[in-house]
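Just dropping this structure here.
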Amino acid sequence: MPIIIPQDLPARRILDAESVFTLGDADARRQDIRALQVVVLNLMPTKVTTETQIARVLANTPLQVELTLIHTASYQPTHTDPEHLRNFYSTFDQIRDRQFDGLIVTGAPVETLPWLAVDYWSELTTILDWSREAVRSSLFICWGAQAALQHFHGIEKQTLPAKRFGVFWHHLRDRSSPLVRGHDDDFLVPVSRHTEVIAAEVLAQSQLQILAESSEAGLHLLWDADQHRTYLFNHPEYDADTLDREYRRDREKGLPIQLPLNYYPNDDPNQVPRVRWRSHAQLLYTNWLNYEVYQPLSR
């Protein structure tokens with residue numbers, strides 16, 4: 001089924017070129033289908049890239065989804081064309097009276113800051129509180145997962161000695177959740193984090209389940225079944241070249257950055273990386289949309 005996105009959103013042109021089925025919002029209004037309503041709080045500076053990655057995985061399912069994109073009002077993004085935000089994004093105040101089937105909160109490059117030092121922390125916690133009643137199921141990604149975990153459960157992030165960066169093997173720890181239905185026992189996931197959450201602190205919370213983790217990279221996927229909240233600490237939705245762009249960006253800035261592990265063929269950054277995580281990414285997002293967003297609606 002198609003994903004419904006604004007007619008002129010750059011992501012639509014990219015996905016159409018990949019033969020991904022998209023539908024403009026004007027066309028969608030002419031059909032008699034109730035699409036799942038998913039709101040995405042995009043905190044990334046690379047907004048077009050991130051919205052495209054999320055739209056891509058949500059489009060490749062049997063369920064029709066309409067995306068609503070929002071950005072923070074308390075912090076004005078500086079890396080995105082203001083016209084893009086005006087044309088395709090709303091603020092929280094503009095959508096707070098609506099009900100949504102799903103909420104996705106992205107990561108953000110603010111991992112090493114204390115929570116209260118994040119310009120939009122108060123606004124984010126307001127959105128998280130709003131989601132308790134206004135959203136059926138939530139998916140939090142990377143820093144977004146750490147922020148939601150701290151807000152809802154008081155679990156703090158811990159700073160790593162060095163950035164955890166590369167493509168790491170992960171394994172299923174708990175197969176009871178429909179979120180991991182059909183997953184392989186072991187799978188690869190792109191990781192790009194300066195911080196982590198400690199497993200022992202998660203296990204102390206009876207309502208949280210650790211579904212997948214890595215002996216090298218730590219926790220990957222948590223689930224709060226009762227509250228329909230999914231915490232995803234890594235980036236299965238990443239493109240083939242995302243880690244490459246992050247690596248070259250940090251090198252150009254003179255930041256301390258190691259070669260992403262298990263990513264470039266022969267660890268040679270002059271070679272083109274090969275995607276080995278796409279099927280896991282698609283299955284995870286499909287399961288979330290089906291079992292956490294759609295099926296509770298149909299009961």
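Heads up, the Cβ atoms here are built off N, Cα and C, so glycines get one too.
As annotated in Swiss-Prot:
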ACT_SITE  HIS235  active site, proton acceptor
BINDING   LYS163, SER192, ARG249  substrate binding site
SITE      GLU111  site 'Important for acyl-CoA specificity'
SITE      SER192  site 'Important for substrate specificity'
Compute the mean position of the Cβ atoms of LYS163, SER192, ARG249, which form the recorded substrate site, and then list in sequence order the other residues of that chain whose Cβ is within 8 Å of it.
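Surrounding the site, in chain order, are PHE165, LEU243, GLU246, TYR247, ASP250, ILE257, PRO260.
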Just to verify a number: CA distance, ARG249 (substrate binding site) to HIS235 (active site, proton acceptor), in angstrom, no decimals.
18
For HIS235 (active site, proton acceptor), just count the other CB atoms lying within 10 A of its CB, please.
22
Sequence gap of 6 or more, C-beta under 8 Å: which same-chain residues meet both conditions with respect to LYS163 (substrate binding site)?
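Non-local contacts for LYS163 (substrate binding site): SER192, ARG193, HIS194, PRO256, ILE257, GLN258.
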